[in-house]
Structures are given as structure tokens and as C-alpha cells.
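This report refers to the structure that appears directly beneath it.
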Amino acid sequence: MSLCLWKQCLDRLQSELPSTEFSMWIRSLKAKLNNNILEIYAPNQFILDWVKDKYLIHFKKILQDFCGSNSPFIKFKVYQTSKEKKFKKNILQKIQNLNAKPIWDKIPIFKKSSHRSNINKKHSFENFIEGKSNQLARAAASQVAKNPGNSYNPLFLYGGTGLGKTHLLHAIGNGILAYKYNVKIIYMHSERFVQDMVKALQNNAIEKFKLYYRSVDALLIDDIQFFAHKERSQEEFFHTFNALLEGNQQIILTSDRYPKEINGVEDRLKSRFGWGLTVAIDPPELETRVAILIKKADENNIVLSDEVAFFIAKHLRSNVRELEGALNRVIVNANFTHRSITVEFVREALRDILALQEKLVTIANIQKTVAEYYKIKVADLLSRRRSRSVARPRQMAMAMAKELTNHSLPEIGDAFSGRDHTTVLHACRKIEQLRKENHDIKEDFSNLIRTLSV
């Protein structure tokens with residue numbers, strides 16, 4: 001009975017949550033029903049706390065639907081594998097043995113590693129601005145930093161330029177170093193791996209190359225898509241990847257696209273990229289963009305009003321790097337001219353950027369891009385046809401227009417053959433709902449945002 005009820009809960013959640021979210025937080029849970037108490041077990045405290053905070057309401061509602069007034073009480077616990085129990089038992093035994101004699105002379109002196117990790121200490125989880133667009137990626141990265149080699153291995157982060165992938169890579173590296181002593185971590189761009197391999201081949205030192213890369217505790221590689229069409233590098237990385245995974249050594253990779261969409265990379269590598277957890281980082285939503293601007297201004301000892309932050313965030317939508325660049329320009333101009341940072345001042349300081357944005361993102365451009373993406377005609381979007389193959393892309397285009405332009409709902413409706421503003425509002429709400437429930441719609445939305453923001 002307990003297994004049947006738990007399976008029903010999982011099936012329901014799987015149908016309601018995006019596949020990435022379900023795989024990341026729910027799939028690893030176990031459960032047992034005893035005396036009308038449903039004990040839900042998580043593999044570690046981090047996942048337990050997250051699930052309890054984010055999904056307890058979901059579980060209660062599902063149980064209410066299935067069991068009515070007889071719904072079981074929910075308890076959360078951390079489960080341990082037999083391997084973990086044995087490990088803890090051995091540790092406790094060693095501690096007991098050590099307590100019987102002085103141990104001060106046996107404490108190891110940890111020395112700073114001689115290798116260069118290339119980890120940038122400025123990038124941490126604390127100064128990474130979290131929002132809906134990057135929440136899962138940050139949570140996964142944090143978990144990997146606390147438990148490298150055992151949580152989500154490999155971790156694959158993907159998304160457009162300037163969205164925070166590199167920041168999270170460095171944050172993971174700093175996090176691991178904060179939790180563990182004397183670990184060997186290497187951060188690098190994929191081109192550095194290629195260069196090192198070529199140099200090793202030229203110097204007849206390939207065995208040293210292999211030993212170096214396979215002896216790390218964590219390997220962090222940025223922009224893995226640059227391995228494309230480099231067969232020898234892919235071959236060597238394939239074997240390095242396998243060796244690290246077998247040794248429970250952590251691998252974290254980033255790319256500007258989903259693993260299966262990386263052209264020029266062998267299928268066996270792309271398959272391995274997806275063995276752990278693959279998480280997208282989307283362009284930041286308006287609230288996150290505002291928070292990023294205010295945080296960055298504060299770091300520069302600048303007080304940025306909500307009105308100004310909102311104005312900049314509303315007009316610059318593509319990525320964090322673009323936001324920071326615009327803010328830096330505003331700050332430099334303000335310092336140089338000794339003027340206050342107002343909306344009018346920002347409009348003047350960023351006039352060329354704002355003009356370019358207005359020129360690039362138009363409703364007509366959105367309609368053309370969406371039509372091409374869904375392989376239909378722009379005329380179909382503007383028609384009165386209501387078949388799903390046309391209606392869903394039309395709703396997506398309307399939602400894009402609201403997200404990426406400053407046009408009002410009536411203006412957007414006019415651009416779609418004079419539709420009423422309530423139709424546009426319904427389309428926007430529908431797409432927002434589907435993005436939460438349907439992984440394909442969420443991916444479509446992210447892909448279109450990236451395309452239109454380039």
C-alpha cells in the first residue's frame with residue numbers, strides 16, 4: 001500500500017514539474033508508510049531542507065487528493081546507505097582509539113597545494129544573485145561544493161553568454177576549498193586543455209599530462225563546446241572523464257548550449273555529459289535584473305534608486321554582463337559630470353545602447369523569429385486559425401512581445417491583427433503557467449529569448 005501511494009505521488013509530481021526539477025530534487029527520494037505516517041527520506045540534509053521548503057505543500061495536496069481526510073502525516077528524514085553507515089562506524093572507531101592517547105603530534109599540517117587552481121576568489125555563492133532563472137543551477141552548484149564527487153557528477157551547466165556560468169564554476173571551486181583541506185582543484189577554459197594536450201604530445205609527455213589531469217579532486221572546464229571538431233582532444237578527454245568518474249572525482253562543465261545540441265562533439269561524450277545533472281541558466285527575469293543592478297551599485301558605493309534600476313533592467317534583458325557594462329558606464333559618466341543618477345541621466349548616458357535595443361527587438365522581429373522556430377508562416381500567427389500548431393506559437397509570440405518590448409498589451413494585440421488586450425493577457429498567463437508545468441515549453445521560451453537577445 002505504501003509503495004503504491006508513494007508511486008502515485010511520484011507520478012503526479014513528475015507530470016506537474018519540469019523534468020530537470022523532478023530529476024534534481026524528487027527522483028532520489030525514498031518513502032515508507034507506517035502507522036499513517038509517510039516518512040520521506042532524502043539522501044542528504046541539503047536536499048531534505050530544499051524539498052521540505054519547496055515541495056511540502058505539493059505533497060500535502062497530492063495526499064489529500066488521494067486519501068481525503070485520511071491523509072497520512074508527513075515526516076522528512078535523511079537516509080544513509082550501508083556504505084555511508086560503514087564509513088561513519090569506522091570514523092567513530094578511529095576517534096575512540098585516538099582518545100586513549102595524546103594526539104597533538106599526529107595532527108597533519110596542511111600545506112598550500114603547489115598547483116595553480118586558477119579559481120577566482122571574487123566569485124562566491126554569497127555574491128551570486130539568485131532568481132527564478134538560475135535557482136536550480138545555484139542550488140545544484142552549492143550541493144556539489146558541499147559534497148564533491150557524490151552529488152550530481154558530472155554537473156553540466158548551460159546557457160547563453162554572460163548569464164553566470166563561469167561565476168558558478170568559481171563559486172563551486174571556492175566552496176570546495178572552504179569545506180575541504182588540501183584538495184586539488186583545476187579551473188580552466190576548454191581551449192587550455194587542448195593547448196596542454198598539444199604541448200604534451202610535442203614534448204613526448206602525454207603520460208605526465210594524463211597523470212596531472214586524472215589526479216585532481218575536481219575538474220572545472222568552461223565552454224566545453226570548443227572541443228568541437230578536435231578529435232584528438234575529445235579522445236583524451238573521454239578517457240580522462242572516465243578515469244575521474246571511476247575515482248569519484250568531481251567534474252563540472254559549462255556550455256552555451258544543451259549537450260545534445262553541441263555539434264562536432266562525439267555522441268559518446270555528449271552522452272556522458274548527461275550522466276549526472278544537466279541544468280539550464282536562463283536570461284534573468286526583471287526582478288533578478290533589478291536586484292543585480294542594485295547589488296553591483298552597492299559594491300561601488302553607489303545608491304541606485306529602484307526607479308533607475310527598473311528602467312535599466314526593463315531595457316537591457318539579454319545577460320548579466322550587459323547589465324554590469326551599462327551600469328559601469330552610468331557610474332563613470334556620473335562621476336565625471338558630477339550629476340545625480342536619475343532616469344533622464346541614464347537615458348542620456350545609455351542612449352546608443354537603448355536605441356540599439358529598440359531597433360533590434362521589435363514585435364515584427366519576434367513574430368518572424370517565432371514563426372521560423374515553429375516552422376510556420378508569420379501569416380499563420382496573424383490569422384484567426386485556432387489549431388494548437390498555430391495557437392501555441394501565437395501565444396508564445398505575444399508573451400515574447402510583452403517580455404522583450406515596451407509595448408502595451410493593446411499595442412501588442414494590434415500587431416496581431418487587432419486582437420483585444422485581454423487575449424494578449426491570457427496568452428502571457430498561459431505561457432507563464434506552461435513554463436512551470438511543461439519542460440518543452442520552458443525550453444522553447446528560453447531558446448527564443450536567447451535568439452532574440454543576441
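Placed from the backbone N, Cα and C atoms, the Cβ positions cover glycine too.
Under the heading region 'Domain I, interacts with DnaA modulators', Swiss-Prot lists 1-79. For 79-117, the entry in Swiss-Prot reads region 'Domain II'. Residues annotated as region 'Domain III, AAA+ region' in Swiss-Prot, with sequence analysis given as evidence: 118-334. Sequence annotations record features per position, and here Swiss-Prot assigns ATP binding site to G162, G164, K165, T166. Taken from Swiss-Prot, the feature region 'Domain IV, binds dsDNA' applies to 335-454, supported by sequence analysis.
Break the region 'Domain IV, binds dsDNA' (335-454) down by DSSP state and the numbers are 92 helix, 0 strand, 28 coil.
Of all Cβ atoms in the protein chains displayed, 27 besides its own lie within 10 Å of the Cβ of G164 (ATP binding site).
Those residues of the chain, other than G162, G164, K165, T166, with a C-beta within 8 angstroms of the mean position of the ATP site C-beta atoms are G159, T161, L163, H167, L168, T254, I281, N319, V320, R321. Here G162 (ATP binding site) comes close to S318, N319, V320, R321, E322: these same-chain residues lie at least six apart in sequence, with C-beta atoms under 8 angstroms from its C-beta. Long-range Cβ contacts of K165 (ATP binding site) within its own chain (separation 6+, distance under 8 Å): L157, Y158, G159, D222, T254, I281.
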